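Trainee: For reference, the structure I am asking about is given below.
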Ligand SMILES: NC(=O)C1=CN([C@@H]2O[C@H](COP(=O)(O)OP(=O)(O)OC[C@H]3O[C@@H](n4cnc5c(N)ncnc54)[C@H](OP(=O)(O)O)[C@@H]3O)[C@@H](O)[C@H]2O)C=CC1
Ligand SMILES: O=C(O)[C@@H]1CCC=N1
């Protein structure tokens, strides 16, 4: 076994992890091989990160100590059927980041192998990711440590019970999209109020970043911060009134729940 990390699926999330793992020197490019069906993506990943690439997932799985699955849940069955064609000589640790795909589905697909189900998110690219993971029955303390080290390199890591993984997916897995919409909408609002676009986006980004930092460092409850910003009869309560009228909080809660339910559905398909 000569290669430490194999990745199957080199799309958005695969690249988000790969880029940071390489830039932080957690793995050397020579220690990584990516199995990817798209020739265009293979060429791009090889050129951008210097990793080995192949369209043959068996070639990946046969020579690595850790096999990271980063394909869509919809192709999980096809990919695992392809891998099941011959036993994996290197007995790798399997780490799946697939939404919805359960530990029991992973253990059925990879009998006798240690499996870990993880849910990272795209801020991993800049080392600000949030990953939750849960381990299968054959995963050793060392396997968990491998997962912990890999995901620590791209942000914060928590170990959770598998029963929480769909909810994690709905919140932190999908969450960067909600926050991106928030930033875009704040910027649009600034433009509507007369700000130039670049300035509006700068204000929106720094306001979100600063608020998060304030909440994290002071540990005050979000409701208390809201109270501190809303001066009696002032501007903020006028804005908050509109958010309440538009169902802002209910919409965010429903979004997390809908995404968690979709995660469950994606797993139930296989
Ligand atoms: N995007 C995100 O923020 C997050 C995603 N995830 C999970 O990561 C996984 C990947 O998501 P994402 O990166 O967004 O999806 P992408 O579609 O961007 O990436 C999947 C990649 O796998 C390739 N692929 C398809 N079939 C095969 C195959 N048989 N063998 C090898 N590669 C194949 C796809 O190629 P092609 O496009 O040609 O089909 C594509 O490049 C999903 O399971 C998702 O649930 C988890 C956390 C966050
Ligand atoms: O949208 C998705 O299905 C994936 C899982 C979490 C984030 N993106």
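Please read every residue number as a count from 1 along the shown chain.
Glycine is no exception: its Cβ is also placed from the backbone N, Cα and C atoms.
What TrEMBL says about a protein is an automatic prediction, not a curated fact.
As listed in TrEMBL for this protein:
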BINDING   8, 9, 10, 11, 12, 13, 70, 71, 72, 73  NADP(+) binding site
BINDING   57  NADPH binding site
DOMAIN    4-100  domain 'Pyrroline-5-carboxylate reductase catalytic N-terminal'
DOMAIN    162-266  domain 'Pyrroline-5-carboxylate reductase dimerisation'
Trainee: Hey, what's the Cβ neighbour count for the residue listed as 'NADPH binding site' at 10 Å?
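Mentor: Taking every protein chain into account, the count is 23.
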Trainee: Mind checking which of 8, 12, 70 has the fewest other CB atoms within 10 A of its CB? They're the binding-site residues.
Mentor: 12
Trainee: Provide the three-state secondary structure of residue 8 (NADP(+) binding site) computed with DSSP.
Mentor: strand
Trainee: Among residues 8, 9, 10, 11, 12, 13, 70, 71, 72, 73 annotated as binding NADP(+), what is the maximum Cα-Cα distance? Answer in Å.
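Mentor: Site span for NADP(+), by Cα atoms: 14 Å.
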Trainee: Mean pLDDT over the domain 'Pyrroline-5-carboxylate reductase dimerisation' (162-266): what is the value?
Mentor: 98
Trainee: What is the interatomic distance between the Cα atoms of residue 57 (NADPH binding site) and residue 8 (NADP(+) binding site), given in whole Å?
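Mentor: Between the alpha carbons of residue 57 (NADPH binding site) and residue 8 (NADP(+) binding site) there are 7 Å.
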Trainee: Run through the Cβ atoms and count how many others sit within 10 Å of the one on residue 10 (NADP(+) binding site).
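Mentor: Excluding its own Cβ, the number within 10 Å is 24.
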Trainee: Could you count the residues of the domain 'Pyrroline-5-carboxylate reductase dimerisation' (162-266) that DSSP puts in helix, in strand and in coil?
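Mentor: Residue counts for the domain 'Pyrroline-5-carboxylate reductase dimerisation' (162-266) by secondary structure: 90 helix, 0 strand, 15 coil.
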